[in-house]
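Chemist: Sharing a structure with you now.
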Amino acid sequence: MTKLQPNTVIRAALDLLNEVGVDGLTTRKLAERLGVQQPALYWHFRNKRALLDALAEAMLAENHTHSVPRADDDWRSFLIGNARSFRQALLAYRDGARIHAGTRPGAPQMETADAQLRFLCEAGFSAGDAVNALMTISYFTVGAVLEEQAGDSDAGERGGTVEQAPLSPLLRAAIDAFDEAGPDAAFEQGLAVIVDGLAKRRLVVRNVEGPRKGDD
């Protein structure tokens, strides 16, 4: 009998995830999919949380194509490109944001984070401002995808017409405009607000502490 490999388990788990979602992804179902007994999975993943950590890492490795700075990036283009790429990686699989939330980063993610921080610090950010910028954009991206994927799931579960409280004309117009724009536009606008805010903060820091490398 061929020995079960971790990558085989991860691939099967990702396929199963797309079919049943994170709540339906159990070690029992995964073992059945692989044609093995449950204890065989524990050689590689001691529990479901460890498996989810591995799935999150695989999602990023497979789909996060702008995780580290490129040669032509400045700090703005990197943060924007990184966020867009991260979002696409989470959207690539059902419940991708839920899988990622709360995961423990492995060695590849730590190396990526180090490269990101070094790039931002070389662009003039302090270490504290650099990590806060990265975490703010990460939290925003995960939250945005959580809402987007939850909305897709809930639409099918609720079915029919959901009774709503009366809406004022202003609130109705705002909701209609938001719905018409769609999640891509909402994400881009929120991301622009964050990056613009970081640029303004850099101006404040420059006025207080003097220019830093990378300031325009």
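Every residue gets a Cβ built from N, Cα and C, even glycine.
Features from Swiss-Prot:
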type	residues	note
DOMAIN	3-63	domain 'HTH tetR-type'
DNA_BIND	26-45	DNA-binding region
BINDING	His64, Asn82	tetracycline binding site
BINDING	His100	Mg(2+) binding site
Chemist: Tell me which residues of the chain lie with their Cβ under 8 angstroms from that of Asn82 (tetracycline binding site), as long as they are six or more apart in sequence?
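Modeler: The list for Asn82 (tetracycline binding site) reads His66, Ser67, Gln116, Ile137, given in order along the sequence.
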Chemist: Given His100 (Mg(2+) binding site) and His64 (tetracycline binding site), what distance in Å do their CA atoms have, once rounded to a whole number?
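Modeler: Approximately 13 Å lies between the Cα of His100 (Mg(2+) binding site) and that of His64 (tetracycline binding site).
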Chemist: His64, His100: which of these binding-site residues has the highest Cβ count within 10 Å of its own Cβ?
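Modeler: Per the Cβ count within 10 Å, the most buried is His100.
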Chemist: Taking every residue in the domain 'HTH tetR-type' (3-63), what is their average pLDDT?
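Modeler: In the predicted model, the domain 'HTH tetR-type' (3-63) has a mean pLDDT of 95.
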Chemist: Using DSSP, what is the helix/strand/coil residue split across the domain 'HTH tetR-type' (3-63)?
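Modeler: Helix (H, G, I), strand (E, B), coil: 47 helix, 0 strand, 14 coil.
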